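> After the structure tokens below, expect a handful of questions from me.
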Amino acid sequence: MNQSLDRVGYTGNRMSQPLVGMDLTDLREALGSDQPGYRAKQIYEAIYRGQAANLVQISTLPAQLREDLAARHEVGLPEIAHLYQSTDGTRRYLLKLEDGRTVETVLMPDGERDTICISSQVGCPVDCKFCMTALMGLERSLTAGEIVGQVLLVARENQLRQDGGRLNIVMMGQGEPLLNLENVVKATRILLDPAGFGLSPRRVTVSTAGIIPKIAELGREPVRPKLAISLNASTEESRQELMPITRKYHLKDLLAACKAYPLRPWEKLTFEYVLLRGVNDTDADARRVVKLLSNLNAKVNLIALNPGPGIPYATPDPERVASFQNIVRRALPCFVRKPRGLDIYAACGQLKRNVT
């Protein structure tokens with residue numbers, strides 16, 4: 001694969017360039033110097049705050065300007081190739097991108113809260129042995145517009161509003177976000193901009209397998225999402241077996257990077273731990289997790305393995321999960337994530353373009 005495409009995502013040869021993914025600076029350049037500066041802001045707010053699906057819907061613009069823009073640009077949302085609906089209300093979207101590749105996005109309604117799980121890459125290069133996405137390998141990284149477009153499309157399709165504090169975004173779908181950091185940062189700036197999509201930083205989380213240099217880089221961003229770390233083992237040896245990329249990024253160095261990460265007053269680091277029967281789910285593992293995280297402002301999310309074809313591990317019994325949680329939560333906030341969308345392959349670690 002072309003390395004520049006792998007790094008920054010698809011640019012393509014389309015006749016009309018997408019507006020989704022552009023920030024205010026990009027939009028001003030697209031409009032040209034003959035348009036007043038406030039026109040860019042009108043487009044920006046209409047697309048991200050107003051969720052306009054096409055240029056016709058941006059009624060604040062003069063008709064001639066809309067016509068001129070339409071000759072060169074389109075809003076540029078992905079296309080729904082297929083929608084899978086779970087008995088628990090979860091929806092898995094297979095989205096077709098401009099180059100014909102597909103990526104998956106999941107909506108998880110839960111009473112008064114909705115969560116959209118979005119992807120940062122088509123496939124994933126990290127090769128976690130318990131994750132079905134790893135079986136795809138990496139096809140390419142997504143552009144900022146393709147990342148934001150997932151949110152806009154799912155929000156529009158389900159009449160979700162970004163205000164009111166009920167919508168959460170988690171970048172825990174396909175891909176390793178920190179290996180596409182440039183586009184992830186640009187996308188999250190738009191999602192967190194009050195004039196853009198307008199979410200609070202408390203409502204957006206990016207998950208990483210532990211790409212140490214990029215953790216520090218993300219920490220320097222003035223406006224950034226919350227950070228979650230995929231831990232998944234209590235020893236270096238076990239972690240390297242389950243997550244081969246960690247042979248490059250060692251556990252002690254990861255914990256040091258987490259210690260140095262600048263947390264806001266309200267913030268904790270989240271550590272995610274996928275429990276695999278007989279592999280990393282013992283009481284001794286739980287005690288080692290407590291020791292590893294003892295000097296961090298952290299919480300732990302436990303995920304009992306969501307099974308799938310090609311995954312050589314089993315889900316632990318509920319009693320084993322409860323025992324693990326009870327040990328960890330004596331020292332740290334510890335929660336068990338409820339599986340969502342198991343019947344449509346929409347749960348954590350199951351996103352591999354499966355047809356149900």
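Count begins at 1; order follows the chain as displayed.
Every residue gets a Cβ built from N, Cα and C, even glycine.
When I checked Swiss-Prot for this same protein, it listed these features:
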- E104: active site, proton acceptor (ACT_SITE)
- 110-343: domain 'Radical SAM core' (DOMAIN)
- C117-C348: disulfide bond (DISULFID)
- C124, C128, C131: [4Fe-4S] cluster binding site (BINDING)
- C348: active site, S-methylcysteine intermediate (ACT_SITE)
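Can you tell me where each of these features sits in this structure?
E104 (active site, proton acceptor) falls within a strand segment according to DSSP.
For the domain 'Radical SAM core' (110-343), the predicted model reports an average pLDDT of 95.
In sequence order, T105, V106, L107, M108, V170, M171, M172, G173 constitute the residues six or more apart from C117 (disulfide bond) in its chain with CB-CB distances below 8 Å.
Taking Cβ-Cβ distances under 8 Å and a sequence gap of 6 or more within the same chain, the neighbours of C124 ([4Fe-4S] cluster binding site) are C131, T133, A134, M136, G137, L138, Q174, G175, E176. DSSP assigns C124 ([4Fe-4S] cluster binding site) to coil in the three-state reduction, outside any helix or strand.
Neighbour count (other Cβ atoms within 10 Å of the Cβ, all protein chains): 25 for C348 (disulfide bond).
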> Look up C117 (disulfide bond) in the DSSP assignment and reduce it to helix, strand or coil.
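SS state of C117 (disulfide bond) = strand.
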> Take the C-alpha atoms of C348 (disulfide bond) and E104 (active site, proton acceptor) and report the distance between them in angstrom, rounded.
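If we compare the Cα positions of C348 (disulfide bond) and E104 (active site, proton acceptor), the gap is 12 Å.
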> Under a three-state reduction of DSSP output, how is C131 ([4Fe-4S] cluster binding site) classified: helix, strand, or coil?
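DSSP call for C131 ([4Fe-4S] cluster binding site): coil, neither helix nor strand.
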> Within 8 Å of the Cβ centroid of the [4Fe-4S] cluster site residues C124, C128, C131, which other residues of the same chain have their Cβ?
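Neighbours within 8 Å of the Cβ centroid, excluding C124, C128, C131: V126, D127, F130, M132, T133, A134, A209, G349.
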> Roughly how many Å lie between the Cα atoms of C128 ([4Fe-4S] cluster binding site) and E104 (active site, proton acceptor), rounded to a whole value?
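Cα of C128 ([4Fe-4S] cluster binding site) to Cα of E104 (active site, proton acceptor) measures 18 Å after rounding.
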> For the binding-site residues C128, C131, which one has its C-beta crowded by the most other C-beta atoms within 10 angstroms?
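Comparing the binding-site residues C128, C131, the most crowded Cβ belongs to C131.
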